[in-house]
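One structure is given here, and the rest of the page talks about it.
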């Protein structure tokens, strides 16, 4: 074959393959308010994954927190921002110390907190709608959004994007299960938010779990009513309810791992994803200075980090003192405490302690892979927990918000560590928990077993996401995935009509037989 003919065939083949790639590519929007650094990082992983799978992917970040205005986490996907959305978020974060001192967030407090926290931001965001016209004009094929902010489903609805996918950054939320008709039995399924229960509950724990589930459903229902009223006032009088919007999603991606999470019933619309980028960045190592920190300690090192939302200086004094006491009573272990670069108060607090160093940032996966790391003391955020389980490191968890309580109890349930509740913390609390996990070998063996199972699952997290996204882009799945319970009333769903019918029949039978026996006795 002549050289020019070969070159022409090669050109045609390349064009054909390139054309096929273009046909299969879709425009995908990942909608991600800057609620926290970990939240934005999670969205970024999904955006990058779908970009690398050949899609035209955009990560859109409405700025809720000015602290994150320069952070997106995306390495490959395009990033669009909407700046100066609201000041309500950062203002509310200023009250974090008060929240940390609360033993429990009560029903009325929860209503007030959520109303102040989310609804004000929703009104601010809706006022920025004209600045989001370019999203509508781009004509996306699919959008992925998170369920945390109650305003998000309503805003996304205005973009007129044909396919929607819900990203649950936690375990399956109570409100999501409720809206999608998923059976949730509080007898063994722990409510997700502010609930330190697992699936094996005592009588009083079940009572508490029923209350937590009821509180969660009512609070989110009232949130949704506030959002709906706002949109019906500002957008359209026939704007659909938030429940209806969520009910019409094509898929729910759940950011937890079935190996770690507690078993529960779910439908085909739910896909457990687990830890994205597992095993990636294995070549990333700690900077020498930080590596030297973790090499210290005769018996090993302990990493202490309560996440970006809860720096060490924001902890109540009694909790700081309890952690200090544990560090001082475990001199053979070296502690590395994560705080912020400008945190002079924590530097002063630990100034006389020999076995502690402070860091403002570390590559967490590199820390968890460190050969000398023996324990991670954490707030229990889902991303941190999944990474720690994957790398086989025991944990001590002090939860702060929402699902972190459930995550901490799951760690205990799996034998991978201990949880301490902030309202119970006294001087010896952290020492008792840390010392126990470090000295009892069962914790290390349990978490290593979990790590082995997570690393050897049949399908990777990346495969699950990309294949399911491609599937829902290509096909309409509602007929096959939607539970009929979506169309049932509360009365039908809980058989209340059947129960009432049986009661009436039983009562009529009782009356009839009573009259028959009465007549017989008289005769």
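Here the Cβ of each residue, glycine as well, is placed from N, Cα and C on the backbone.
Annotated in Swiss-Prot:
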SIGNAL    1-25  signal peptide
CARBOHYD  84  N-linked glycosylation site
CARBOHYD  248  N-linked glycosylation site
CARBOHYD  283  N-linked glycosylation site
CARBOHYD  487  N-linked glycosylation site
TRANSMEM  490-508  transmembrane segment
Q. Across all chains shown, how many C-beta atoms besides its own are within 10 angstroms of the C-beta of residue 283 (N-linked glycosylation site)?
A. 6
Q: Please name the residue among the glycosylation sites 84, 248, 487 whose C-beta has the most neighbouring C-beta atoms within 10 angstroms.
A: 248
Q: List only the single closest residue to residue 283 (N-linked glycosylation site), chosen from the glycosylation sites 84, 248, 487 by CA-CA distance.
A: 84
Q) Where does residue 84 (N-linked glycosylation site) sit in DSSP terms: helix, strand, or coil? A) coil
Q. Can you check what DSSP calls residue 487 (N-linked glycosylation site), collapsed to helix, strand or coil?
A. helix
